[in-house]
Amino acid sequence: MLARRKPVLPALTINPTIAEGPSPTSEGASEANLVDLQKKLEELDLDEQQRKRLEAFLTQKAKVGELKDDDFERISELGAGNGGVVTKARHRPSGLIMARKLIHLEIKPAVRNQIIRELQVLHECNSPYIVGFYGAFYSDGEISICMEHMDGGSLDQVLKEAKRIPEDILGKVSIAVLRGLAYLREKHQIMHRDVKPSNILVNSRGEIKLCDFGVSGQLIDSMANSFVGTRSYMSPERLQGTHYSVQSDIWSMGLSLVELAIGRYPIPPPDAKELEASFGRPVVDGADGEPHSVSPRPRPPGRPISVGHGMDSRPAMAIFELLDYIVNEPPPKLPSGVFSSDFQEFVNKCLIKNPAERADLKLLMNHAFIKRSEGEEVDFAGWLCRTLRLKQPSTPTRTAV
């Protein structure tokens, strides 16, 4: 069983969001909260645009008040998975568009109340790299978690349109994920526990944010029996049931980056034919320049994937075969010749099987790939809007390739 965490910062009482009755706030208390919040924002290393956007979100949030089921108008479904369904909804009293995650749980009232209480720590998670939180409440057998709506969706959805995500774009993704993980760890002593493409959200302003991190131990425990996955982003040490730490999140990030770069979940690794279909030319394997193996391999678990002009007809890897592969076989890697050596080395450092030898957050933040990516002007918003055919609200910089 996962250990319970306790919030390390005093809760920000911006607004009452537990559906057990609103708590009155005075004008003086609101001003004190804003001063407290201002101090917390000053502690973060934000540029002017990030600070203004975060302040704008928190100003909107302060006007929301108590969240109730009757106040929401469902617009569309955004996605499903991880034990819940996420819908795009309008909060009628405020007029705000939110992402509302509904999790159906057969639980006792005491457990439900504990989950709602534990979720309140999300009010303290104010970062440009963390999806904004409006509140959580319980209604008709469902926990509702109300979040900032990200109009670009998740990176697994973006990947379906893009087919592969360019290295310079993934550089910006890597920076955001590392900074988000560092924020959770340093400011709140929280591990994410579920880093994967579907939990990295993007929007047409070019923001990249983490969502669905393990803030509620009780919710994790309550959902454990209902989770059935076809892919795993868990580290070898976590799959083996041994002690794990933020190093496990780093493995998950590395695996996600390989998937986004090559266009599909990377276990088992693609063979030469599949890589040639994906990249449009023969791809070499490793530093020795040898071609990738042409021997047929099982395809990744889940639905068949498109290869070239047809569907992949290889037998799917069973989930137990996948987990065994992660634990016992060599880790995935990026193919040579199509990515920079810096990017390849960065991913390799994330995917070292021994967590004691795996790179930590500090080392990765100082890696040459990250330093190069920080210095590059990449129009992430423009690339995303072209890929998803979204209207772009921001000013482009350099066109991403």
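Note that Cβ sites are derived from N, Cα and C of the backbone, with glycine treated the same way.
Between the listed residues Ser139, Ser174, Ser222, Swiss-Prot assigns phosphoserine to Ser222, with no corresponding entry for the rest in that record.
Other Cβ atoms within 10 Å of the Cβ of Asp194 (active site, proton acceptor) number 18 in total over all chains. When secondary structure is read from DSSP and collapsed to three states, Asp194 (active site, proton acceptor) falls in the coil class.
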